[in-house]
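J.: Take a look at the following structure, please.
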Amino acid sequence: MPESGSSAASRQAKQKRKSHSLSIRRTNSTEQDRSGLQRDMLEGQDSKLPLSLRSNLLDLFSQIEREFENLYIENLELRREIDTLNDRLAAEGQTFEGADLAKGALKTKASHSTSQLSQKLKTTYKASTSKIVSSFKATTTRAVCQLVKEYAGHRDGIWDLSVTRTQPMVLGTASADHTAMLWSIETGKCLLKYLGHQGSVNSIKFHPTEQMALTASGDQTAHIWRYMVQLPTPQPVADISQTPCEDDVDFSDKDDADGEVEGPNDCPSIRVATTTLRSHQGVVIAADWLVGGKQVVTASWDRAANLYDVETSELVHSLTGHDQELTHCCTHPNQRLVVTSSRDTTFRLWDFRDPSIHSVNVFQGHTDTVTSAVFTVGDNVVSGSDDRTVKVWDLKNMRSPIATIRTDSAVNRISVSVNQKIIALPHDNRQVRLFDMSGVRLARLPRSNRQGHRRMVCCSAWCEDNATCNLFTCGFDRQAIGWNINIPALLQEK
């Protein structure tokens, strides 16, 4: 008489339980044999560890081994499943590819089934593929960042730096110690010190064609002063090993002790400005030359930006509209355009190309203080903010950014290289990161107890005409640093 369905099912369940119990017995017996073997090994080995501690260690290692064994078995099963899915996908693709076109419903069903299999395969492969791609990136040509020179001599934090646009090529720094300094890029020697301000020097910019500097200060003024420097004989650069600009560098959060840096004793100084610009009722936080160098613009905590005539030092325009203190201003290298940044989370574009019409556009792309906004040689504006983002905008259509870079720290005064169009991001957390204009991260400058900044990095500036250093950074650790950055073209195209 044939068995009923219920009795057959019960018999199968009993057989499964029986086989499971047998496997457990086998496992237990195997583990007992293994533990006995381990005890024999312990007794036969000479060690200063207590027997109980050694036994516990061996038990732990045995558990780890079993975990790896289970993972290995699971991996084999997943591989077999992937092979099966691949076979099914290939078979269905062949079957329905040659099917009758009139069978629309059948084709739809096949397409749906195939897409499900494809998605399943993508999900299965996703983690391993990401790891493979990461390993490929690690072995391809990498960006190389080399610390070339340190410029130490200020007695307080350095807010801003800039490089001259004409020969002789020197580095300028603006510091909270009420001074601005000019440095030899190759030797790191101080060439000139400006002592004309009565407050913190917040920015420094050089005239496009003449040996003139423009500095903004907390004493509510901006100064224009002429300089003449004699470059010292270049010395051989110390052999510094090239450091890959990646995350495998030892980054330490330990603050180094701030030793008293001895200022340059033999550095000549200037105490009187050629022109003093007075109109602001608050700290002048930044200043820049308009194209041609006949006018300058200043940005102040009095919520206004002023446009001055250099020859007469007269106020030409007062640019008002920001709701809070200004943080930065920048001029376009080739056109009469000005961009101002503010704590009101906006930046404004001022257009002076038409003398009769001075238009202004307000951009609200950030959620916190806009620390800086700068022009590129093309038709882009790049803005950085305390909201930890950097955004790239197209001047022809600035309704929304064309790229957004999200970081883990507030961004300070950014700069964009002219030739390679690489954005250098100085951060509050002492890091400096490099991105391309599409928002792809290219590198992070090395920072450890031996090199890099030990405090907040305030500003970055590119200088691609110099063979020794092509990027400069400064911070509140009282020093500026010259870097040699080599970004392979292949890496930029990724």
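Each residue, glycine too, has its Cβ placed from N, Cα and C.
OK, TrEMBL features for this one:
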{"type": "COILED", "residues": "61-88", "note": "coiled coil"}
{"type": "COMPBIAS", "residues": "1-12", "note": "compositional bias 'Polar residues'"}
{"type": "COMPBIAS", "residues": "21-30", "note": "compositional bias 'Polar residues'"}
{"type": "REGION", "residues": "1-39", "note": "region 'Disordered'"}
{"type": "REPEAT", "residues": "151-193", "note": "repeat 'WD'"}
{"type": "REPEAT", "residues": "194-225", "note": "repeat 'WD'"}
{"type": "REPEAT", "residues": "277-318", "note": "repeat 'WD'"}
{"type": "REPEAT", "residues": "319-360", "note": "repeat 'WD'"}
{"type": "REPEAT", "residues": "363-403", "note": "repeat 'WD'"}
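A description of the local structural setting of each listed feature is requested, covering burial, neighbours and distances.
T.: Within the chain, the repeat 'WD' (151-193) has long-range Cβ neighbours (under 8 A, six or more residues past its boundaries) at 199-211, 213, 215-217, 227, 229-232, 234-235, 237, 261-264, 267-270, 286, 413, 455-456, 458-459, 461, 463, 465-466, 468-469, 472-482.
Per-residue pLDDT, averaged across the repeat 'WD' (194-225), gives 97.
Remote same-chain residues near the repeat 'WD' (277-318) are listed as 160, 199, 202-203, 205-210, 212, 214-218, 220-224, 324-336, 338, 340-342, 350, 352, 358 (criterion: CB distance under 8 Å, separation of at least six residues from the stretch ends).
Helix, strand and coil counts under DSSP for the repeat 'WD' (319-360) come to 0 helix, 25 strand, 17 coil.
The helix, strand and coil residue counts that DSSP assigns across the repeat 'WD' (363-403) are 0 helix, 21 strand, 20 coil.
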J.: With DSSP, how much of the repeat 'WD' (151-193) is helix, how much strand and how much coil, in residues?
T.: 0 helix, 23 strand, 20 coil
J.: Tell me the residue counts in helix, strand and coil for the repeat 'WD' (277-318), as DSSP assigns them.
T.: 0 helix, 23 strand, 19 coil
